[in-house]
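Database features (Swiss-Prot):
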type	residues	note
REGION	1-97	region 'Disordered'
COMPBIAS	10-27	compositional bias 'Low complexity'
COMPBIAS	43-55	compositional bias 'Polar residues'
MOD_RES	SER86	phosphoserine
REGION	113-135	region 'Disordered'
ZN_FING	183-205	zinc finger
ZN_FING	211-233	zinc finger
ZN_FING	239-261	zinc finger
ZN_FING	267-289	zinc finger
ZN_FING	295-317	zinc finger
ZN_FING	323-345	zinc finger
ZN_FING	351-373	zinc finger
Amino acid sequence: MAALGDIQESPSVPSPVSLSSPGTPGTQHHEPQLHLHGHQHGSPGSSPKVLSQPSDLDLQDVEEVEIGRDTFWPDSEPKPEQAPRSPGSQAPDEGAGGALRSLLRSLPRRARCSAGFGPESSAERPAGQPPGAVPCAQPRGAWRVTLVQQAAAGPEGAPERAAELGVNFGRSRQGSARGAKPHRCEACGKSFKYNSLLLKHQRIHTGEKPYACHECGKRFRGWSGFIQHHRIHTGEKPYECGQCGRAFSHSSHFTQHLRIHNGEKPYKCGECGQAFSQSSNLVRHQRLHTGEKPYACSQCGKAFIWSSVLIEHQRIHTGEKPYECSDCGKAFRGRSHFFRHLRTHTGEKPFACGACGKAFGQSSQLIQHQRVHYRE
């Protein structure tokens with residue numbers, strides 16, 4: 001693998017960063033280095049891999065990477081897998097940040113450090129250990145990648161990205177408590193675990209949207225939102241279901257889809273106990289209990305619980321009937337009425353009585369039939 005210093009600067013790189021390791025004595029010439037603790041796929045006696053020279057790396061929204069952690073990306077949104085390429089090749093738009101991401105993904109997730117640091121005496125080496133296999137004194141997971149703002153002016157877009165990357169986001173495990181949120185917004189008091197998340201949140205108050213789509217001009221506060229939007233233009237769908245093969249452009253949509261297969265319904269109503277697979281469905285359901293009707297018709301003032309019902313209602317005023325039967329040509333305002341009509345042609349009767357087994361094409365017919373059993 002080529003050293004990061006050998007990678008040419010990408011035109012899209014907005015802000016130079018440097019790599020450093022905490023707790024390391026000052027190196028000669030103050031060159032920032034990242035020691036990988038021998039976690040490369042090599043022999044125990046191989047020399048430790050050191051990345052040197054502060055190349056201009058574009059790590060996008062990366063705040064911190066700790067060697068040995070289960071998750072390399074602290075951001076809540078997972079990064080899509082890159083298509084495999086031949087060794088030594090590099091995409092034209094992939095800067096040194098892409099090389100670093102590939103490097104980190106190649107490391108074992110829970111490997112323990114056993115890098116050797118030059119010759120040592122037999123007295124310093126534990127019994128039974130071969131030369132070059134003396135364990136590193138630094139605890140596993142304590143090394144980090146630190147983003148440091150550089151004074152030198154970068155290419156176009158650098159001031160925008162520098163605001164997001166221009167802070168030391170790295171931290172060692174010993175340096176902060178698990179679950180701590182030390183970065184607080186002065187405007188609303190909300191706290192965040194990482195300073196980059198605070199910077200992104202503050203754009204809600206300032207209205208700043210530094211990431212602009214070159215296709216349609218739409219702007220975004222965060223880099224991840226911009227990347228997800230860009231897939232609308234490219235058609236990229238990196239998240240594929242292993243059970244049915246359906247692909248999605250957003251990880252959140254993929255997660256919601258998986259609940260169809262596993263039957264998971266994590267969102268439960270506190271009033272009636274009904275559970276839902278999506279939080280939005282729970283919010284809409286709770287309006288049945290609260291009586292809230294946030295969607296009002298601008299023509300007649302009638303209000304509705306759901307926006308879909310409002311859209312269907314507005315077709316009364318416009319006369320629009322978008323659902324047309326291909327068999328008889330009859331058109332309908334709503335989809336539910338359209339599907340109910342189709343059953344008159346297909347003969348489908350999906351509503352069956354639990355008492356006698358008689359089936360009906362419409363739910364209203366089933367309800368009317370069940371009154372016979374109630375009288376009995």
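Backbone N, Cα and C atoms are what each Cβ position is placed from, and that goes for glycine too.
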Taken over the zinc finger (323-345), the predicted model's pLDDT averages 93
DSSP composition of the zinc finger (183-205), residue counts helix/strand/coil, works out to 11 helix, 4 strand, 8 coil
